[in-house]
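A.B. asks: TrEMBL lists these features:
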type	residues	note
TRANSMEM	52-69	transmembrane segment
TRANSMEM	150-170	transmembrane segment
TRANSMEM	221-243	transmembrane segment
TRANSMEM	255-279	transmembrane segment
TRANSMEM	291-309	transmembrane segment
TRANSMEM	321-339	transmembrane segment
TRANSMEM	345-366	transmembrane segment
Amino acid sequence: MAGYEYVSAEQLAGFDKYKYSAVDSNPLSLYVMHPFWNTVVKIFPMWLAPNLITFSGFLLLVFNFFLMAYCDPDFYASAPDQQHVPNKVWVMVGLLNFMAYTLDGVDGKQARRTQSSTPLGELFDHGLDSWACMFFVVTVYSTFGRGPNGVSVFVLYLLLWVVLFSFILSHWEKYNTGVLFLPWGYDISQVTISIVYIVTSIVGVEAWYNPFLFNFLYRDLFTAMIFGCALTVTLPMSLLNYYKAYRSNTLKHHSFYEAMLPFLSPVLLFILCTIWIFHSPTQILETQPRLFYFMVGTAFANISCRLIVCQMSSTRCQPLNWLLFPLALVIFVVLTGVLPESETFLLYLLTTFITVAHIHYGVGVVTQLSKHFNIRPFSLRKPSSD
């Protein structure tokens, strides 16, 4: 298993023919962030590998996630009469979130600047982005928490899925059209989240208790923005882009089944996890929300990464992700009562298994593509020919 090759010969041949094609029409990105990133990238030395920038930004989000897990383990820290997250922590999280967003924006510019752009760089970037969705959504949850003025853990579970589906929607577009249409919601959300963290450090979490308009609370605005952006911007634009490709006869997959195949595993993941939540003997989402979100986000990231590999190599998407089977097995054991009072242990075991499997997949794919393209993932120096 240690030397297992995840990328097939057909996919490697597809990567050899791959050409990057993306469209970014977001005004915030075009007129504010890109000029800013063009300035920032000049700070980096020419020997710095773009993938190292990408990975550093991702690690900042992971650090924020675990820092908030320490300060607010059960999402009650922002509730009244609870010990709140220290203001200096909010400042740190806000700055690190914006730094992570900035690094994610300059990695591609560094690649073009150093003439080191490769399909591996794009795959590495988007693969980490698929996992990062869970980290920043769960971290921002602590600003409101699940107290009387907060958001329930189930509502946050649904909001997480809105973000995850918004992510995979853009890669579904590319799987069918060959063009990656960068979602508007990402840039807007990252700037907004960073500002919210800094504002929270100044005014305190108590400020979010008060209505901002009539009886409409800030938590309602938070929920409405995520659902509203997905329904009024992300989804309509994706469908419009798909329709344009259909009208111009440039779709890569013409049958409805083949076109919708990338959604099969994510939908099954959502269904399985939702069944577990509703039929959990110990109310697993209420007792272990952070761990449950982590498990869902990691399984989703593996599904997304495999789709991105197929999309970039112009190969057929896998109908079912194999990680759904251990998930289904654990749910079966839990719901049938075979191992009573072991639900939390099984969740820990499953999460560990999925995380290790996903990391193994990521390391394996990066190693395999690095050898194929004769590059080093974190260095611009070529491997020795010995």
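Using N, Cα and C of the backbone, Cβ positions are placed for all residues, glycine too.
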A.B. asks: Can you tell me which parts of the same chain pack against the transmembrane segment (52-69), counting only residues 6+ beyond its ends and a CB-CB cutoff under 8 A?
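C.D. replies: For the transmembrane segment (52-69), the list is 44, 85, 89, 92-93, 96-97, 99-104, 106-107, 110, 121, 124-125, 128, 131-132, 135-136, 138-139, 142, 290, 378-379.
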A.B. asks: Do any residues of this chain, six or more beyond the ends of the transmembrane segment (291-309), have a C-beta under 8 angstroms from a C-beta of it, and if so which?
C.D. replies: 6-7, 11, 123, 126-127, 130-131, 133-135, 137-138, 156-157, 160-161, 164, 167-168, 171-172, 175, 262, 265-266, 269, 273, 277, 284-285, 315, 317-318, 321, 323-324, 327, 347-348, 350-351, 354-355, 357-358, 361-362, 365
A.B. asks: Which residues of the chain, 6 or more past the ends of the transmembrane segment (221-243), have a CB below 8 A from one of its CBs?
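C.D. replies: That would be 144, 151, 155, 159, 162-163, 165-166, 169-170, 172-173, 176-177, 179, 181, 183-185, 188-189, 192, 212, 251.
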